[in-house]
Structure formats: structure tokens, C-alpha cells
Ligand SMILES: Nc1nc(=O)c2c([nH]1)NC[C@@H]1CN(c3ccc(C(=O)N[C@@H](CCC(=O)O)C(=O)O)cc3)C=[N+]21
């Protein structure tokens with residue numbers, strides 16, 4: 001068994017991001033700017049947003065925090081996000097998931113301008129991932145793909161089993177694996193014989209949201225744990241699989257840091273692209 005260190009790969013990516021953020025500032029006189037939107041006071045979400053903002057600051061990215069009360073309506077949230085979408089000082093927008101149940105999350109996500117969707121949560125970004133067109137990857141799926149790449153995991157023709165089908169994790173990571181010529185199976189809460197299917201996988205991506213749910217794999221399988229349950233517990237029973245997997249991500253120190261690295265990298269890319277467009281407009285008059 002060998003560990004896949006998200007911490008190490010994320011550090012390398014963020015070094016590059018920091019350089020690019022600095023170049024952006026030299027060029028435009030301002031830092032790239034990420035707006036983080038949080039609705040309500042869920043303690044885990046408060047912590048994640050804080051982590052993302054701290055990591056942004058360290059990389060030379062300014063962050064703006066829009067903290068809305070739990071009673072915010074869909075209309076109010078859409079209005080706030082639309083404002084950020086139109087604000088020329090904002091390069092990227094992150095709406096922390098989950099939002100309170102009474103809010104139409106899809107409507108809120110779709111208020112994010114595609115050019116600022118650095119967290120890859122809109123239908124536009126999903127379609128780009130599904131069609132292998134340029135665009136922003138969902139942060140966690142994008143991070144998982146970069147981790148597999150860094151450890152030179154061969155995906156072509158291999159059986160990848162994704163456990164979970166959420167719109168910002170299971171579904172998009174399945175699309176990205178497919179684009180790399182993996183044979184992809186998506187399992188979920190209604191799947192029959194789930195354990196049997198998982199045991200046929202060369203690569204397992206656990207994205208179910210159930211602590212230590214994956215307890216057995218094929219010997220030598222590559223195991224990616226995208227779970228983030230309370231107390232830093234993943235969806236994979238690490239102790240049970242450590243001796244059996246070929247490569248495995250720890251929690252913490254695996255997918256989590258990669259998610260943030262991708263968010264920051266894509267924020268600088270969004271900023272740079274917008275500055276390029278402004279320059280182009282000036283040249284063309
Ligand atoms: N729109 C949206 N985009 C997200 O990307 C998103 C979200 N909503 N909602 C919540 C989940 C969760 N998430 C994590 C990111 C980093 C760590 C992370 O870096 N964790 C550290 C440990 C945490 C610690 O050090 O305390 C690690 O795994 O090493 C975990 C979880 C992003 N999410």
C-alpha cells in the first residue's frame with residue numbers, strides 16, 4: 001500500500017497559483033478576488049469557508065465574505081449572487097453547499113456567471129466537463145483527477161466505480177473519469193449488490209457521505225476517499241483497506257486539500273481570463 005498525499009500535491013499546485021496571483025497583481029494593480037457566500041451558521045460550513053479564505057489569503061487572493069442569515073429566501077440569495085456575478089471586482093464565486101432546505105439550490109448555483117464559476121457547480125460547467133470542453137471543473141472532482149495524474153494512475157480502459165451521484169461530486173467525477181477513457185460505473189443508495197460491484201473496480205471513488213462505508217476492494221485497487229464526515233472521518237474504512245489497496249488517500253490530507261487547491265487555481269485562471277478580455281477590448285477599440 002502507498003499513500004496518495006493530497007497535502008503534497010496541493011502544495012505544489014498552490015505554489016504555482018501563488019506565482020500566477022502575484023503576476024496578475026503586477027499586471028492589473030489588484031489581487032484576484034474570490035467571493036465566498038455562506039447561508040446560515042452550520043459550524044462545519046463556517047469552518048470550511050474560513051479554511052478556504054485563509055488559504056486564499058496565503059496565495060495572494062483577496063476574498064470577500066458574504067454571510068447571509070439562515071432565513072434568506074431563494075430570491076434574496078439569487079439577488080446577492082447576481083450582484084457578485086455583475087461586479088467587475090469579483091473574479092470567482094463560491095456558494096458553500098449545503099444551503100438551508102427551503103432554498104432552491106439549483107436556482108442559486110445558476111445565478112453564478114459561468115465565467116466566475118470557479119467551484120464548477122453550474123449546469124454550464126457540468127456540460128463542459130461532460131463534453132470535454134474547456135471550463136471550470138467542480139473543485140473536488142477536479143482535485144481528484146489531478147491527484148490521480150500526479151500519481152500516474154493509468155485510467156484508460158480501467159474500471160472506475162464511483163459510489164455517490166451528487167451534482168458536485170459523484171456525477172461530475174464520473175464524467176471526468178469517462179473523458180480519460182475509464183469504464184465508469186456509478187453506484188448509489190439504490191444500487192443492488194454494491195459491495196460486489198465495488199470489488200470489481202480498479203479505481204474506487206467514495207463519495208457517499210457515510211462514515212467508513214467502503215470496507216472491501218480488489219487487491220491493488222486505487223482508492224480515493226472523497227468523504228468528509230464529522231470528525232475528519234472519510235467514506236472509506238482506511239484501517240481495513242490500507243493493507244489491500246494499491247494506492248489510497250488518507251483523510252485528512254487527501255482529497256480535502258486538493259479541493260481547495262483547485263478552487264484557488266481556478267480563481268486565478270478566471271481573473272486572468274477576464275483581464276485578457278479587457279485588454280483585448282482595448283486593442284480592438
Ligand atoms: N460549493 C461547495 N464546494 C465545495 O468544495 C464544498 C462545499 N460546497 N461544501 C462542503 C464540501 C467540503 N469541502 C472540503 C474542503 C476541504 C477539506 C479539507 O481540506 N479538509 C482537511 C482537513 C480539515 C482540517 O484540517 O480540519 C483535509 O482533508 O486534510 C474538507 C472538505 C468542500 N466542500
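Using N, Cα and C of the backbone, Cβ positions are placed for all residues, glycine too.
As recorded in TrEMBL:
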BINDING   164, 165, 166  NADP(+) binding site
COMPBIAS  9-26  compositional bias 'Basic and acidic residues'
DOMAIN    4-119  domain 'Tetrahydrofolate dehydrogenase/cyclohydrolase catalytic'
DOMAIN    138-274  domain 'Tetrahydrofolate dehydrogenase/cyclohydrolase NAD(P)-binding'
REGION    1-26  region 'Disordered'
| Between the binding-site residues 164, 165, 166, whose Cβ has more other Cβ atoms within 10 Å than any of the rest? | 164
| message | Within the same chain, where does the compositional bias 'Basic and acidic residues' (9-26) have neighbours whose Cβ lies under 8 angstroms from its own Cβ atoms, ignoring anything closer than 6 residues to its ends? I mean 6 or more beyond. | response | 32, 55, 58-61, 143, 146-147, 150, 257-258, 260-262, 264-265, 268, 271-272, 275
| message | Suppose the NADP(+) site is 164, 165, 166. Which further residues of the same chain have a Cβ inside 8 angstroms of that site's Cβ centroid? | response | 162, 163, 167, 169, 170, 171, 186, 188, 207, 208
| note | DSSP assigns the residues of the domain 'Tetrahydrofolate dehydrogenase/cyclohydrolase NAD(P)-binding' (138-274) as 51 helix, 24 strand, 62 coil
